[in-house]
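First up is the structure itself, then whatever we jot down about it.
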Amino acid sequence: MKLNRRLFIGTGAAAASTLAAPMVHAGAHGKPRVIVVGGGAGGATAARYIAKDSDGAIDVTLIEPTRTYYTCFFSNLYLGGFKEMDDLGHSYGTLASDYGINVIHDWAVGVDRDTKTVTLAGGDSLPYDKLILSPGIDFVDGSVPGWDITAQNAMPHAYKGGSQTELLKAQIQAMPEGGLFVMVAPPNPYRCPPGPYERISMVAHTLSKINPTAKILIADPKEKYSKQGLFEEGWQKYYGGMIDRLGPDFGGGNVSVDPAAMTVDIDGSVEQADVVNVIPAQKAGRIAELAGVTDGNWAPVNPEDMSTKADPDVYVLGDAAAQGDMPKSGFSANSQAKVCANAVRGALTDSRVFPAKFSNTCWSLISENDGVKVGANYEPADGKISSTGGFVSQTGEDAALRKATYEESEGWYAGITADMFG
Amino acid sequence: MRSGFLKYGVAAFLAAALPASAQEFGDAAAGEAVFGRCSGCHQVGPSARNRVGPQLNGIFGRQAATVDGFRYSNAFQRAGAKGLEWHIDELDAFLENPKQLVPGTRMSFRGISDEGERADLIAYLRQYSDSPANIPEADPTAMATDHEVAPDILALVGDPEYGEYLSSECTTCHRVDGQDAGIPSIVLWPEEDFVIAMHAYKAKVREHPVMNMVAGRLSDEEIAALAAYFAKIESQ
């Protein structure tokens, strides 16, 4: 049975009462219930699209611990002095007031897939028909020997937006003249593939202004990384002699740290550092693991609708999902959320379901008005999300194009945050 | 030429004091070439119609945001209601920096920094206004297109509900409220212009890596569906 949503809404209360029963798939209760855990690029978008497009036919609850969400994307621009922290903060007020989403500021601490309930830290237990998990990342214990989450004040990861980013910037600003900044870069796969290297660019930009004799050292377990040629070209051009990167050939994958002594051991050579940014290996946010939908570090999903391989009524979006070829990015999570929202709405209200199409673009800033980008689009194929084509900025582009690319990235930030938070 | 923000009343006064003949303030023939930068969205001349932007016949002396049948941004409606009238100085200021004269305009155009080019363009536009008499009619302006699209593709009737779904890929960057800092607005475009633009990106006649990628995988029906949707949505 296919029903047009608008026609249905327009037919009035009498018709609605006769149609309501077969329309919805909500078990014995009234409106179908969707719970979304995590209010970032995946979760906020999914909640907004389901609420917006179902015109009140679906009860949407969004569970997110923070009242102000600070985006991780663009946080490097804060480190570079191009954005204020306030520019990166967003509230959930419009999702509640204009879209009727029940926003609960609490931690989801458990999922019972048999009784289809989510437990909150505050003790409540909420029932769902469809559950969407978009919890972002957590860190793999022991991936950088000597570092664990209790060391995050001495050696910040700054790989979740907000206070960690502020802490890292304060430490950079407090570096002694000619001091040393060390980044321990993560192994694949991790959130935002160009992110660590955009961060290096922005730290270098700040240091070149306030502390030009400071040095930056990257210990990197990866042979190659995203937009490598573009970053290396820019580092040479703007920050000559400041940045050194040790790849796996030079022991960049054999790293331990001592947060009390502020030392980094790279393949037996100990560096005394002033700031150490440890970006550990990553895994799905913990609630995905607690829900029992992960396999290893991530949650495998079906590429047609982002439902998990483990449970057709539990969906995982964004960084936490093992979906195939898409990079873990805010843009990807936002794109996946729309496919998921369309599928979930179709399953619960018989609205039309359209074929899954995904896309991603990641912009990075290398120096003032020097932006670059990489992007691709994707569709389901061979049981995963598969790339169907893409592009990347080229080395040697002129200043006008790079400036336009940066301005485009600012337009994108305004666009995606409006798309997430209304 | 004066630059920067002009108060509407003062500007009107200044305009009255300026020379009346097109030749004295710019070269209309050269201005036709400059108009090529506008013709993607605007038409002028005997067969001009509203496209992405309003048609520009009779612009001199007209109150802003008053062309019949064109849906203006809220920003332009406010400017018109507050008394913005198009004379030489207003046009010059607007063409130099559109968003400075009318903040919030949907017109995605950086402006023309060269004073001489602005003067030529204004002289060209002036030919299509009532006041400069005895100016021979020019050839009709070319269609607002940089790309040929087969009539059967233009004739496709899009499915707006499918377009709404597909549009969610666009709205990651393009804002439905019509704001366009860094990324152009695409709301309320006439369907034909939208279809032509998307096919131009698909064929890579227009160069933009993101748009070439996005349009590259869309079918003719999907482009029609998007056009049908975006032509109708109201700014949110």
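Heads up, the Cβ atoms here are built off N, Cα and C, so glycines get one too.
Because TrEMBL annotations are produced automatically, they should be read as predictions rather than curated entries.
Note that the structure is predicted; figures quoted are calculated from it, not measured.
Database features, via TrEMBL:
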- A:33-147: domain 'FAD/NAD(P)-binding' (DOMAIN)
- A:165-280: domain 'Sulfide dehydrogenase [flavocytochrome c] flavoprotein chain central' (DOMAIN)
- A:356-421: domain 'Flavocytochrome c sulphide dehydrogenase flavin-binding' (DOMAIN)
- A:1-26: signal peptide (SIGNAL)
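Residue counts for the domain 'Sulfide dehydrogenase [flavocytochrome c] flavoprotein chain central' (A:165-280) by DSSP state, with H, G and I taken as helix and E and B as strand, are 39 helix, 31 strand, 46 coil. Here the domain 'FAD/NAD(P)-binding' (A:33-147) has a mean pLDDT of 97 out of 100. Across the range of the domain 'FAD/NAD(P)-binding' (A:33-147), the DSSP-based residue counts are 26 helix, 38 strand, 51 coil.
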